[in-house]
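Report on one structure; see the data block that follows.
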Amino acid sequence: MTDHRTNEAAETERASSKLGVVIAATGFAFLLVQLDVSIVNVALAAMGSGLGASVDGLQWIVDAYTLAFAALLLFAGTLGDRIGARKVFLGGFALFIASSAACGLATDLGMLVLARVAQGAGAALMVPSSLALLNHACAGDAAARSRAVGLWTAAGSVGLATGPVVGGLLVGWLGWRSVFLVNVPIGILGITLTLRFVREAGRRAGRFDAAGQILGIVALVAIVSAAIEAGPRGWISPIPLAALATALLAGAAFILAERRSRDPMLPLGFFRDPAFGAATFVGLCVNLTLYGILFVLSLYLQHERGYSPAEAGRAFLPFTVVLGLANVVAGRIAGRVGALPLMMAGLSIGIASYGALAFLIGTQSDLAFQGGLVGLALGIGITVPTMTSTLLSSVPAERGGVASGVLNTVRQAGGALGVALFGTMLAANAQAGLRGALLVSAAMLAAAAVAMGFAGRAERSAE
């Protein structure tokens, strides 16, 4: 009896160690992916000076990455399910490292934007496959999955939140190119861990949905292009209007193609589950508001308040610490009390924080400003892991790659739209534009909370 218990304890310890290495490998990947969303923000002023880029050019530096990321995520999730998540993960990691080096060596705006597109493609290959590998390593243990997703999310949040801090320091010490080159050694470490310790997840046979992939890319690029081009040209000028019309037509064709496909890239049946649909909407709102606000805040602090890149980076340091801690703690608590109550609390804190920041924009008090950022970090840090865990638990484990691809596609599309829309608002009037962006953000999180509340009620009624 004692030997049996000893063997069980040893097996549990080995499984825990294996899961820890998988979390580390996939966490390195997600950290880099999210780092490159935000690290460029405090380097934008230096890039603009060095490359002669205007505000809309700077928006493309940010959105080229996010757009490629969003446009290829569904394909990447499907690809991982078809040929194996580990293969896709490693291929994406290698592409990400190579394109990061290309970004650091770019000599003009066009080269940098193209390299950012390749970087976004690598990120798209890594994210859904990393979640699929995590899901596989947890072997159906819901509590272990909640903790693992919390740690994985924390790694991404640390990357996203430390981006402005690390970027500010690197720009001050080594110049803007270093914000891309820093990815190379970290990426090599992540690939090494994966090759040595991470095993392949399950596969699922099927065909690729080429029509859905092409139409999805066209719709995403068109809607973001419309938002960016509306800044310098105005919404009623021919180019933004043509882009909007293209986005609407491509979007409608995409939905029709997915309904008719026997093996769709985006299984619309997922959205019959209220929890899946609501969690996806939460992801859209969180990323649209957070990515957009980080972009405009970084420019506002440097252009309007005279911060250096290093000072702007340091302004986000408390935000960084709280966001990472909140992700870890939320993942652990969610396994005990459930994801929905925790997610609603996080959204409520986020709403209050965006509202408070909107009224603090005119003040010169750094302490009050930091308080608003800390509150925002707490709210978002609680929301993201609970949202991700809720979505994954609403689909079969073997569809985890596709489901995570859907969530992250929506999130990254939201982030690209947030940068485009809020950047346009800032360009029109810095202080009023930033305040308006913060109030819009509060309203969007409120809508997300309402949607999640209805989903929770529908699930309780169905039980």
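Yeah, the Cβs are placed from backbone N, Cα and C, and that goes for glycine too.
Whatever TrEMBL says is automated annotation, not expert-curated.
As annotated by TrEMBL, transmembrane segment applies to 21-46 (among others). If one looks beyond the transmembrane segment (21-46) by at least 6 residues along the same chain, the residues whose Cβ comes under 8 Å of a Cβ in the stretch are 58, 61-62, 65-66, 69, 89, 92-93, 96, 100, 119, 123, 126-127, 130-131, 133-134, 137, 148, 151-164, 166-168, 170-171, 175-176, 179-180, 182-183, 186-187, 189-190, 193-194, 197-198, 291, 294-295, 298-299, 302-303, 309, 312-313, 415.
Summarising the annotation, TrEMBL assigns domain 'Major facilitator superfamily (MFS) profile' to 22-460.
Positions annotated as transmembrane segment by TrEMBL: 58-76 (among others). Tertiary proximity for the transmembrane segment (58-76) is limited to same-chain residues at least six positions away from its ends with a CB under 8 Å from its CB atoms, namely 33, 36-37, 40-41, 44, 47-48, 88, 92, 109, 112-114, 116-121, 123-125, 127-129, 208, 212-213, 216-217, 220-221, 224, 228, 231, 265-266, 291, 295, 299, 402, 405-406, 408-413, 415-416, 419-420, 423.
According to TrEMBL, the transmembrane segment annotation covers 88-107 (among others). For the transmembrane segment (88-107), the list of distant contacts is 26, 29, 32-33, 36, 76, 79-80, 115-116, 118-119, 121-126, 129-130, 133, 177-178, 180-181, 183-184, 187-188, 190-191, 194-195, 198: same-chain residues at least six beyond its ends, Cβ to Cβ under 8 Å.
Sequence annotations record features per position, and here TrEMBL assigns transmembrane segment to 149-174 (among others). Taking Cβ pairs closer than 8 Å, the transmembrane segment (149-174) reaches residues 23, 26-28, 30-43, 46, 130-131, 134, 182, 290, 294, 298, 308-317, 319-321, 323-324, 326-332, 334, 377, 380-381, 384-385, 388-389, 392 in its own chain, all 6 or more past its ends.
Residues or ranges marked as transmembrane segment in TrEMBL: 180-198 (among others).
Residues annotated as transmembrane segment in TrEMBL: 210-228 (among others).
Residues or ranges marked as transmembrane segment by TrEMBL: 234-257 (among others).
Note on the transmembrane segment (278-300): residues 37-38, 41-42, 44-45, 55, 58-59, 62, 66, 160, 163-164, 271, 312, 316, 343, 347, 350, 354, 376, 380, 383-384, 387-388, 390-391, 394, 406-408, 410-419, 421-423, 425-426, 430-431, 433-434, 437-438, 440-441, 444-445, 447-448, 451-452, 454-455 of its chain, located 6 or more positions outside it, place their CB under 8 angstroms from a CB of the stretch. Summarising the annotation, TrEMBL assigns transmembrane segment to 278-300 (among others).
The transmembrane segment annotation in TrEMBL covers 312-330 (among others).
The feature transmembrane segment is assigned by TrEMBL to 342-361 (among others). Residues 282, 286, 289, 293, 326, 330, 333-334, 368-369, 371-373, 375-376, 378-384, 386-387, 390, 431, 434-435, 438-439, 441-442, 445-446, 448-449, 452-453 of the same chain sit 6 or more residues outside the transmembrane segment (342-361) yet have a Cβ under 8 Å from a Cβ within it.
Under the heading transmembrane segment, TrEMBL lists 413-430 (among others).
Here TrEMBL flags 436-455 (among others) as transmembrane segment.
Regional average pLDDT for the domain 'Major facilitator superfamily (MFS) profile' (22-460) in the model is 82.
Long-range contacts of the transmembrane segment (234-257) within its own chain (CB-CB distance under 8 A, at least 6 residues past either end) are made by residues 209, 211-212, 215-216, 218-220, 222-223, 225-227, 264, 266, 268.
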